[in-house]
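A quick write-up on the structure given underneath.
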């Protein structure tokens, strides 16, 4: 069991499974996954052993609510979201790399120097709401974002920035996010960059990826790299030349698979990636260019838009990595109609995935593997490779 002072003192209970031995956590997650798929024919499925995480120090991102005073800021959480007096400082949270606590100490000093008064929820006054810190495991470089109520402190931040960069030379991307509302919203729409660089370079399995502000990126790099590598290995076994990556984000799945397929089969691979976030599409397109993948088209669209394009060349493989709600009945039925040879389904919610697989009546699961992306909690990721059923 992790030695966590915050849990033992009942200050933070985010890690609800902390007292459960790790191997038991894995067993319970595997049992839960199988229960969600109980109505499917899994008789011929190859169940791979769960991919385990490090138990602590595995997170590459810290989301710290800022409270307290400008002289003594507190970075962590509020036990009671409406009570600034319930603040808990989580700078030594064991889920973060140990060196994050040193960075937090430097940032507290910066908050004082720049006069960033922590936002007081009860009084609806103050400026600084959150500090968001992300680290690239490939380079050790950092992305730092200050979530502020207004632009009022921008001149002071710019004035103090050179001193901060002296103390933290690994800071690659620094930005201000403006969130003016008095609401439980993490970030606003407007991002003001204080550095020339706007993306944090990462690299998994030789695939360059770019983490961007306001964008989704897995918070457990070791397990994320394992997830992408497994997807790559599974699909490279088959002669696939045309693939779609729906809900593609920064292109992790599609780029891994396209590169492996091109190397394995020696032919150009056509990759179409669909993602609603335009900044994610920029990042994915940049990665494809670095990899020298020429027949790649990343588009900023809703995943449902693929159902409107009847003339698109039919894919051999469709990758889906939807949000927790799953892909739904309509998209499932569309996939049944266009009948790609394979579907690779990555899910963070086995319950909705189980329902989607019931709708995918033309497909049977070949391989299933659990990835423990979120140790000390009941959550996990799962990867399923589906093959089109042979018609007798």
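Heads up, the Cβ atoms here are built off N, Cα and C, so glycines get one too.
Site annotation (Swiss-Prot, ligand [4Fe-4S] cluster) includes 4, 12, 15; from 42, 91, 93, the additional listed residue is 93. Binding site for S-adenosyl-L-methionine per Swiss-Prot: 218, 275, 321, plus 247 from the candidate set 193, 247, 371, 374. A gap of 26 Å separates the Cα atoms of residue 348 (active site, nucleophile) and residue 4 ([4Fe-4S] cluster binding site). Taking a C-beta cut-off of under 8 Å and a sequence gap of six or more, residue 12 ([4Fe-4S] cluster binding site) has these contacts in its own chain: 4, 6, 76, 77, 79, 88, 90, 93.
Apart from 4, 12, 15, 93, the [4Fe-4S] cluster site neighbourhood in this chain, defined by C-beta within 8 angstroms of the site C-beta centre, holds 2, 6, 7, 13, 14, 18, 90, 94, 95, 376. Residue 15 ([4Fe-4S] cluster binding site) is 18 Å away from residue 218 (S-adenosyl-L-methionine binding site) when you measure Cα to Cα.
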